[in-house]
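Novice: First the structure, which I've put down as structure tokens, then a few questions once you've had a look.
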Amino acid sequence: MSSRVVSLITDGLKTSDGAGVNLTRMLPIRNGYSKPQRLDPFLMLDHIASDDSDDYIEGFPEHGHRGFETVTYMLEGSFEHKDNKGNRGLLVPGSVQWMTAGRGIIHSEMPMQDEGKLKGFQFWINLPHKDKMMAPRYQDIMPENIPVVKEDGNAIKVLAGHYKETKGAVKDIVTKPLFLDIDLKAGVKFSTDIAVGHSSFVFIISGEGTFGPDTNAKLVKESQLAVLDGSNNETRIDITASDKGLRFMLLSAAPIGEPICQYGPFVMCTEEEIDQLILYLFKYYIQDFCYLHHHILHLLKKTTTIVDLLILN
């Protein structure tokens, strides 16, 4: 048994999304790469942290998803979720929502506050091709329903997967994810298992600490993401909290190893599947040209035109 090592550390990229929400995009990884690097099956990780309402007040109005899963984890503040199927939910501090978009969801995510601190995360996890058109579903987990393991003053929240004998709140996810929120006291040494062959990373919520074996441990600081390399069949990760203490998210999941064709919030395997999706949106939003115009322009640039698709369908 041996520990994984840190292969890369990133501070992410400051950007905006939705209707102008300022955030830091931690995945895909840029760090000088000519093409952003995903961490299969993780497609994206966004981190929002601001006490300035101008950074988040416009939220994420109605938009669609297909072909993957979105996971939202709130630490401070609250968001309301609504979709085109009539579903509605509230994300509060400490809650997690695991949304399987599957064949398609059109939804909005809007802040339920006009002032104060908002802090949270959203990450996207790909679905295998065979599951991309499954029925959409939600797992909305309130804070009191998330198991917490207490060990010598340390706390391990088990959101998905398992920690020792404790199973996570989120169930039946095809990529077999592990999602832990780990809060360690100052100076604590800690180890936890990670499945061999799974892609894995940590994000530092607060404090700092070293990750990896004593002979090759690397310091990872607050608001940084570190990729944990397990290419030599390592079975765990070793961690030492600094004198500031350490709170971090640990995520891992089984890679899918299939082609990815992404067009904004839609992730399929081929361009033809994306074209068919845009046709569906054309029919759905036939009276909303403002929403459609950039999708239409995308199709007009391709050899398959809207007219061709309409004839075929």
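Note: Cβ is positioned from N, Cα and C throughout, glycine not excepted.
Per TrEMBL, domain 'Pirin N-terminal' is recorded for 32-125. The Fe cation binding site annotation in TrEMBL covers H63, H65, H107, E109. The domain 'Pirin C-terminal' annotation in TrEMBL covers 180-277.
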Novice: For Fe cation, what surrounds H63, H65, H107, E109 with a Cβ no more than 8 Å from their Cβ centroid?
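Specialist: Those within range, site residues removed, are F60, E62, G64, T70, D83, I105, I106, S108, P265.
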Novice: List the residues of the same chain that sit at least 6 positions away from H107 (Fe cation binding site) in sequence and have their Cβ under 8 Å from its Cβ, in sequence order, or write 'none'.
Specialist: E62, H63, G64, H65, H81, K82, D83, N84, N87, M99
Novice: Near H65 (Fe cation binding site), how many other Cβ atoms are within 10 Å of its Cβ?
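Specialist: Other Cβ atoms within 10 Å of H65 (Fe cation binding site): 22.
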Novice: Measure from the Cβ of E109 (Fe cation binding site) and count the other Cβ atoms within 10 Å, all protein chains considered.
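Specialist: That number is 23.
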Novice: Any idea what the model's mean pLDDT is for the domain 'Pirin C-terminal' (180-277)?
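Specialist: Summarising the domain 'Pirin C-terminal' (180-277) by its mean pLDDT gives 97.
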Novice: Mind checking how the domain 'Pirin C-terminal' (180-277) divides into helix, strand and coil residues in DSSP?
Specialist: 10 helix, 55 strand, 33 coil
Novice: Per DSSP, what is the residue count of the domain 'Pirin N-terminal' (32-125) in each of helix, strand and coil?
Specialist: 3 helix, 56 strand, 35 coil
